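For reference, the structure is listed below as structure tokens.
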Amino acid sequence: MINLILLGLPGAGKGTASEQIVDKYHLAHISTGDMFREAMANKTPVGLEAKSYIDKGDLVPDEVTAKLVEERLGQDDVKNGFILDGFPRTTNQAELLDEITTHLNKQLTNVIAIDVKEETLIDRLSARFMCKNCGATYNKFSKKPKVEGTCDRCGGHEFYQREDDKPEVVKNRLEVNEKMNAPLKEYYDKKGLLATVNGEQAPEKVFADIDAILSKD
């Protein structure tokens, strides 16, 4: 069984790699964002508790998020293993996750960090642009519209770049994320769970490296 966390800064390719891993290994892809939305929509006790913080503009306490993760890891589709997305983000959350996985007997088997240089990430993230009409997302390098200047989805001709995709904002966002990411990598390295792959490569090569790590165990 594979119980996995992928670590990496925004733009490192975690989303693409997650999809490829789920397709091959049939793992449950557990996203904390999706969990919050689902729990709040279904008005579960933990969902309502989380909503009370979000409605006030407060951060949801780690213990509440951990309850949500524990509920989700107890569901049937997790029997083949899981890949966690968006949790843990801090060492405190990592310790809570250890308690949960030990209690459920679903201990982590792998933590894989996708490493990409800051300048590459800035290039990737600041290359994003969107259709003004329908919000479809494109990338100057990897996902251009099929017809230049025309949105594939709605046929619109006006595009814009979000404020938080501008290079100086992206750089700041990456620095904030790295401050959170570095202690997590150290935490899992000490536990002997951490492996690192080179995220500068093409997505299929990144996946091949991840696949080699997962197949080995």
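Every residue gets a Cβ built from N, Cα and C, even glycine.
Note that the structure is a prediction, hence the values are computed from the model and not measured.
The ATP binding site annotation in Swiss-Prot covers Gly11, Ala12, Gly13, Lys14, Gly15, Thr16, Arg128, Thr137, Tyr138, Gln201, and the record cites sequence analysis as its basis. Summarising the annotation, Swiss-Prot assigns AMP binding site to Thr32, Arg37, Asp58, Leu59, Val60, Gly86, Phe87, Pro88, Arg89, Gln93, Arg162, Arg173 and lists sequence analysis as the type of evidence. Taken from Swiss-Prot, the feature Zn(2+) binding site covers Cys131, Cys134, Cys151, Cys154, and the record attributes it to sequence analysis. Taken from Swiss-Prot, the feature region 'NMP' covers 31-60. Among the features that Swiss-Prot reports, region 'LID' is placed at 127-165, with the record citing sequence analysis.
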Candidates Gly13, Cys131, Cys151 (binding-site residues) with Cα within 10 Å of Thr32 (AMP binding site): none
Positions whose Cβ lies under 8 angstroms from the region 'LID' (127-165), at least six residues beyond its ends: 173
For Gly11 (ATP binding site), the one of Val60, Cys131, Cys134, Cys151 that lies nearest, given that the binding-site residues are compared by Cα: Cys131
Other same-chain residues whose Cβ falls within 8 Å of the Cβ centroid of Cys131, Cys134, Cys151, Cys154, the recorded Zn(2+) site, in sequence order: Lys132, Asn133, Gly135, Ala136, Asp152, Arg153, Gly155, Gly156
Conformational class of Gly15 (ATP binding site) under the three-state DSSP mapping: helix
Nearest of the binding-site residues (Cys134, Cys151, Cys154) to Arg162 (AMP binding site) - Cα to Cα: Cys134
Cβ neighbour count within 10 Å of Val60 (AMP binding site): 17
Cβ-Cβ neighbours of Cys151 (Zn(2+) binding site) (radius 10 Å): 21
